[in-house]
């Protein structure tokens, strides 16, 4: 009985620790966004001039950075917003989409061909649910996870490598169903940049920006609660 109580206490502490870590990561992400906005506001012209001087290297370096961030399980939201701020809503969306998709592709291939056996031994409840969902629903389940990221995007990329879905179907589904989110987040970055460099434009786009921002934070809160 004492052993059972001790186990329950340890489980409770572990759950509390997980929640604390998630809360800390969420707050850290918000702080990074604020710092990024302040730095960009104070040095926006210099940053833009520097990027222009890089020429064709700028989008290439951005794609490599985005892909590596995805593989290293780092938050890519700041990069997505930066893509819209620096490259505009159209080209920025394309770069963000290619960066996210390429990172997702490499993560999938790493799991399937290099660490499949090791990763399979690390199966937990969430990974088992992921495998069961893909086995039952196929690409529809993958599409749902891309549209509604109830499981972190970067973890899903590795987790799907141990499922039965083909790489071609996985890649196509990922690319298509990432488009809506990439358009929205890239536009947030573009509007934010427009507001920082040309303050008067914030009021022109204010309705769209504030509505989108409200929806974004509601989704974040909902996802955090589910976790």
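Any Cβ shown, glycine's included, is placed from N, Cα and C.
Small disclaimer: the values here were computed from a predicted structure and weren't measured.
Annotated transmembrane segment per TrEMBL: 21-42 (among others), in sequence order.
Under the heading transmembrane segment, TrEMBL lists 54-74 (among others).
Residues annotated as domain 'VTT' in TrEMBL: 74-190.
Annotated transmembrane segment per TrEMBL: 86-110 (among others), in sequence order. Proximity of distant same-chain residues to the transmembrane segment (86-110), defined by a Cβ-Cβ separation under 8 Å and at least 6 residues beyond the stretch ends, is recorded for 47-48, 51, 58-59, 62-63, 65-71, 76, 79-80, 153-154, 157-158, 160-161, 167, 170-171, 174-175, 178-179, 182-183, 185-187, 189-190, 193.
With a threshold of 8 Å between CB atoms, the same-chain residues lying at least 6 positions outside the transmembrane segment (138-157) that come near it are 70-71, 73-74, 76, 100, 103-104, 107-108, 126, 130, 165, 169-170, 173-174, 176-178, 180-181, 223, 226. Here TrEMBL flags 138-157 (among others) as transmembrane segment.
Marked as transmembrane segment by TrEMBL: 169-190 (among others).
The transmembrane segment annotation in TrEMBL covers 202-221 (among others).
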